[in-house]
Each structure stands twice: as structure tokens, then as C-alpha cells.
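According to Swiss-Prot, the protein carries these features:
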ACT_SITE  75  active site
ACT_SITE  119  active site
BINDING   55, 57, 59, 76  Ca(2+) binding site
DISULFID  38-98  disulfide bond
DISULFID  54-144  disulfide bond
DISULFID  56-72  disulfide bond
DISULFID  71-125  disulfide bond
DISULFID  78-118  disulfide bond
DISULFID  87-111  disulfide bond
DISULFID  105-116  disulfide bond
SIGNAL    1-21  signal peptide
């Protein structure tokens, strides 16, 4: 074997070892996005909810700024309950359908049912809550105490 081949093989092995330490991405985020789109047909894109208020997006603290932000806090709390049940809500994949009357869950295990119900409840809550552009990308260090 040529020295260059050994170097390439070594580089691949080192890369794979490094990749094994990387945390997995939230797999059901895509499903949650589709549930939001199904519940909010013709409305704003789901990414508008990723940095809204004190609770929509990563983390959360303080008092929700409005009804929509309360939807996100309830969703966070629901995921917290799922974790207490031994579920991994950000990694749990589930089955759902987008019917003419909106999304609904159709899944088998307790964790899948619970996590899908959390996401479904949030998506429907988003659909009925007004969106205030002033609460998008707020300074959480000042407004979320």
C-alpha cells in the first residue's frame, strides 16, 4: 500500500471517530414543521416560529410575551413531560397525516403518540394565535425575565 493511501485511510478513520462525538440533530423537527404547515395552510412559513418571543425556538425563560409564545411554552412543557416518561421528544419519529380538516396523529408507541400530540397541540395553537411581528427576534435578555 502506498503511503498516500495510508494517510487517506487514517484521515477517514479520524473523521469517523470525530463524527461519533457529534450529537444527533432533532429528527422530528421536520415533522413538526410539516404539522405547522398543515395546521396553518396558506399562512406564514414555519421558520417564523423559530425565534419568536421567549419560548419559540431553543430554550425559554420568563413570562411568555403573548398567546403565540404561550403555545411554545406549553409545547416545551409537553416535551418536558415526555422526557419524564422516558421519551426523547426531539428524536422521536411518529406517523401523522395532513387531512382536509388539518393534521392528525396516527402512530403506535406511547412515546410516539405523546410526542405527536405535543406537536399537534402546538401546531393548532399556532394556527389560532395572532402573530405579532414585534415579538420576532426580540432581545430575550431584556424581555424574558
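These residue numbers are counts, starting from 1, taken along the chain as shown.
Backbone N, Cα and C define each Cβ position, glycine as well.
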For residue 78 (disulfide bond), the number of other Cβ atoms found within 10 Å of its own Cβ: 18
Where residue 38 (disulfide bond) falls in three-state DSSP terms: helix
Helix, strand or coil at residue 59 (Ca(2+) binding site) [DSSP, three-state]: coil
Cα distance (Å, whole number) from residue 119 (active site) to residue 144 (disulfide bond): 23
Recorded positions clustered about residue 78 (disulfide bond) [Cα within 10 Å; pool: 55, 56, 57, 59, 111, 119]: 119
Residue 98 (disulfide bond) versus recorded positions 55, 57, 75, 119 - nearest by Cα: 119
Proximal residue to residue 76 (Ca(2+) binding site) among disulfide-bonded residues 38, 87, 118, 125 (C-alpha distance): 118
Neighbour-count leader, CB within 10 A, disulfide-bonded residues: 38, 72, 87: 72
